[in-house]
Structures are given as C-alpha cells and as structure tokens.
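Worksheet for the structure shown next.
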Amino acid sequence: MVQASGHRRSTRGSKMVSWSVIAKIQEILQRKMVREFLAEFMSTYVMMVFGLGSVAHMVLNKKYGSYLGVNLGFGFGVTMGVHVAGRISGAHMNAAVTFANCALGRVPWRKFPVYVLGQFLGSFLAAATIYSLFYTAILHFSGGQLMVTGPVATAGIFATYLPDHMTLWRGFLNEAWLTGMLQLCLFAITDQENNPALPGTEALVIGILVVIIGVSLGMNTGYAINPSRDLPPRIFTFIAGWGKQVFSNGENWWWVPVVAPLLGAYLGGIIYLVFIGSTIPREPLKLEDSVAYEDHGITVLPKMGSHEPTISPLTPVSVSPANRSSVHPAPPLHESMALEHF
C-alpha cells in the first residue's frame with residue numbers, strides 16, 4: 001500500500017513537471033520575436049524544399065524535370081512559403097529583402113539577425129532534406145562521385161555556379177539587377193496607394209513574379225537573387241563531401257550571390273520609392289493626436305501581423321492639436337498582407 005501510494009505521488013509529480021515544462025515552452029514560443037524566427041525558418045524551408053527538389057529532377061533525370069519546372073518549383077515554393085508565414089513575419093525568405101526593408105526603415109534593424117538566422121537554418125535543413133531524399137539518385141547519376149563541375153556535376157542542385165560564358169563582374173551586375181527588379185516589383189505589388197495585388201492573391205502574384213524572373217532573365221547566373229537561397233546549401237555541400245571547390249569554382253563565385261542581392265534589393269527599393277512612391281498623390285492621414293500616432297504603432301502603409309511603428313517618409317501626415325483630449329487613437333490597419341517585407 002505504501003509503495004502504491006508513493007508510486008501515485010511520483011506519477012502526479014512527474015505529470016506536474018511535464019505540464020510545467022510544456023507551459024514554459026508554449027510561453028517562449030508565443031513571444032513575438034520567437035514566432036517571427038520560426039516563421040522565417042519554416043517558410044524558407046518550404047520554399048527551398050520545393051525549389052531544390054525541382055532542380056534535382058532537372059539535373060538527375062531530364063524525363064522528370066526541366067528548366068521550366070525549376071522556375072515553377074521555386075515560384076510556387078515562394079507562394080507556399082508566404083502562406084506559411086505571411087501573417088507572422090511577412091515571409092521574407094530572403095536576406096536581401098530583409099536587408100532592404102531594414103535599410104529603408106520598414107523593419108527594425110534588431111529583427112535583421114533574427115530573420116536571417118531563421119532563413120539560413122531553414123535553407124540549410126532543406127538542402128539536407130533534398131540530399132537525403134535524392135542520395136541514391138545522386139550517386140547513381142554521378143557514378144558515386146560528388147562533382148562540382150563536369151557532365152555529372154551535382155553541386156548545382158543546391159547552389160548556383162558561374163557559367164563559362166559569364167565573367168565574375170558581369171555575374172555580379174546580373175544578380176544585383178535581377179534582385180533590384182524583384183524588390184521593385186514587390187513594393188509595387190504591396191503598395192496600397194498604387195495598384196496592389198487583390199487581397200488574398202499576394203502570395204500567388206509574388207510566386208508568379210519569381211517564375212517570370214526565372215523564365216525571362218535567369219539563364220546567365222541561375223538567378224539566386226537571395227543569399228538565403230544560395231549560401232546555406234553551398235555550406236551544406238561543402239560539409240557533405242563536395243569539397244572546397246564549391247567556394248573556389250568560378251573565380252570564387254560564392255560571395256557574389258550573397259553581396260550582389262543585398263545591393264540590388266536596396267537600390268530597387270529606393271528606385272521604387274523615389275520614382276513611383278513619391279509621385280503618387282496620397283491623402284493626408286487624419287490623426288488628431290500625434291503622440292498616439294507614435295505610441296500605438298499606426299502604420300501609413302498597412303501591413304499584416306506587425307505593430308511596429310512604421311512611418312513612411314513619403315506620406316504626408318496632417319496633425320491638428322485642436323481636439324487632443326477627445327480623440328481616441330486609431331487602431332493598427334490590417335487590410336493587407338505585410339508582403340512589402342518579402
């Protein structure tokens with residue numbers, strides 16, 4: 001009897017400890033920054049699994065894959081990623097887009113390392129997943145050798161490499177320009193004062209944008225246009241056995257898909273804001289209490305799932321002190337997705 005009673009008390013105690021641990025984990029996961037980190041991690045993982053899987057089909061068996069299939073895989077992978085995380089982090093899935101939004105004041109800099117870390121880990125895990133799923137097919141195709149160049153090269157499944165007809169600096173300009181086009185169009189798609197995508201279609205339209213870039217302009221460099229898409233899988237291939245040639249190939253090409261997209265996204269965002277955003281007539285925002293405007297995080301350009309104070313320098317704000325005491329602050333706007341972040 002004594003033993004049975006002690007056993008029951010021990011069981012109840014272990015259950016209480018278990019529930020306490022679960023509650024603590026849930027509390028941590030509900031923190032905004034943690035949720036945004038996990039959102040970037042999962043959305044990037046989803047995008048990269050579909051994208052890299054489509055490349056594996058094209059490289060390993062032409063019967064099942066094609067260049068069009070690669071573009072569709074990455075494009076609709078982006079669409080699925082936006083659905084996974086659009087209402088939590090904005091589903092950037094791209095360190096260059098995160099950098100541009102931070103540099104242009106749309107996202108606080110403190111979120112930059114959190115978002116990029118989530119993206120890099122998701123991309124790395126996606127590369128490991130594709131390697132595991134296609135391991136036997138890779139070895140069969142290459143005769144058991146993990147090659148970076150040559151007719152049985154398989155490193156290109158995971159990262160982009162400079163083709164023979166391109167020079168390093170032409171490739172740099174190509175990557176910067178394509179990423180600039182991406183960012184410019186993303187701002188257009190989500191600009192509520194211009195001609196944005198219809199509510200609920202943003203994810204699909206952004207996926208189509210990626211497909212268009214690929215089928216029209218992707219031949220020269222494989223259109224990485226995303227440090228989070230290229231560098232983590234490249235690091236994985238180095239660890240998995242492809243060797244240091246994954247970094248040295250193409251005149252040390254590896255750094256170009258990291259640096260060029262950052263520059264391109266920033267310039268593309270500036271070009272849109274200066275030449276398009278600043279020329280659109282915008283009605284003054286009717287906020288009577290400027291203090292409430294600053295304190296409650298009211299954003300002129302509506303964005304989903306984020307209450308960070310984001311005031312566009314291009315939007316005039318009309319403030320009247322006449323009725324400060326009688327006016328209640330307006331709530332944050334949520335009519336559109338936060339995909340200006342993408």
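From the backbone N, Cα and C atoms, a Cβ is placed for every residue, glycine too.
The topological domain 'Cytoplasmic' annotation in Swiss-Prot covers 1-36 (among others) and rests on a curator's inference.
Annotation comment: Swiss-Prot describes Ser20 as phosphoserine, evidence class similarity to another entry. According to its DSSP assignment, Ser20 (phosphoserine) is helical. A simple way to gauge crowding: the CB of Ser20 (phosphoserine) has 10 other CB atoms within 10 angstroms, across all the protein chains here.
Taken from Swiss-Prot, the feature transmembrane segment applies to 37-54 (among others), supported by experimental evidence.
Here Swiss-Prot flags 55-67 (among others) as topological domain 'Extracellular'. Beyond its flanks by at least six residues, the topological domain 'Extracellular' (55-67) meets 73, 130, 133-134, 137-138, 141, 154, 156-158, 215 of its own chain at Cβ-Cβ distances under 8 Å.
The annotation transmembrane segment is assigned in Swiss-Prot to 68-85 (among others) on the grounds of experimental evidence.
Residues annotated as site 'Selectivity filter' in Swiss-Prot, with a curator's inference given as evidence: Phe74 (among others). In the three-state DSSP reading, Phe74 (site 'Selectivity filter') counts as helix. The Cβ of Phe74 (site 'Selectivity filter') lies under 8 Å from the Cβ of Met47, Phe50, Gly51, Ser54, Val210, Val211, Gly214, each of these being in the same chain and 6 or more residues away along the sequence.
With DSSP classes pooled into helix, strand and coil, the tally for the topological domain 'Cytoplasmic' (86-89) is 0 helix, 0 strand, 4 coil. Taken from Swiss-Prot, the feature topological domain 'Cytoplasmic' applies to 86-89 (among others), supported by a curator's inference.
The intramembrane segment annotation in Swiss-Prot covers 90-103 (among others).
Under the heading topological domain 'Cytoplasmic', Swiss-Prot lists 104-111 (among others). For the topological domain 'Cytoplasmic' (104-111), the model's average pLDDT works out to 95.
Here Swiss-Prot flags 112-132 (among others) as transmembrane segment. Sequence-distant contacts of the transmembrane segment (112-132) (same chain, at least 6 residues past either end, Cβ-Cβ under 8 Å): 33, 36-45, 47-49, 52-53, 56, 89, 92-95, 98-99, 102, 138, 157-158, 228-229, 231-233, 235-237, 240.
For the topological domain 'Extracellular' (133-170), the number of residues in each DSSP class (helix H, G, I; strand E, B; coil) is 15 helix, 0 strand, 23 coil. Under the heading topological domain 'Extracellular', Swiss-Prot lists 133-170 (among others).
Residues within less than 8 Å, Cβ to Cβ, of Tyr135 (site 'Important for permeability to glycerol') and separated from it by at least 6 positions along the same chain comprise none. Sequence annotations record features per position, and here Swiss-Prot assigns site 'Important for permeability to glycerol' to Tyr135.
Taking Cβ pairs closer than 8 Å, the transmembrane segment (171-188) reaches residues 96-97, 100, 162, 194-196, 206, 209-210, 213, 217-218, 220-221, 223-226, 250, 253, 256-257, 259-261, 263-269, 271-273, 276-277, 339-340, 342 in its own chain, all 6 or more past its ends. The transmembrane segment annotation in Swiss-Prot covers 171-188 (among others).
If you look up Swiss-Prot, you'll see 189-200 (among others) marked as topological domain 'Cytoplasmic', on the strength of a curator's inference.
Marked as transmembrane segment by Swiss-Prot: 201-217 (among others).
When DSSP labels each residue, the topological domain 'Extracellular' (218-221) comes out as 0 helix, 0 strand, 4 coil, counted as helix, strand and coil in that order. For 218-221 (among others), the entry in Swiss-Prot reads topological domain 'Extracellular'.
Arg229 (site 'Selectivity filter') sits 10 Å from Tyr223 (site 'Selectivity filter'), taking the CA atoms of both as reference points. Within the chain carrying the intramembrane segment (222-235), a Cβ under 8 angstroms from the stretch's Cβ atoms is held by residues 44, 47-48, 51-52, 93-97, 116, 119-124, 126-127, 156, 158-161, 175, 178-179, 182, 213-214, 246-247, 254, 257-258, 261-262, 264, all 6 or more beyond its ends. Here the topological domain 'Extracellular' (218-221) has Cβ contacts under 8 Å with residues 71, 160, 162-163, 165-166, 170-171, 174-175, 178, 256-257 of the same chain, all six or more residues outside its ends. The DSSP secondary structure for Tyr223 (site 'Selectivity filter') is coil.
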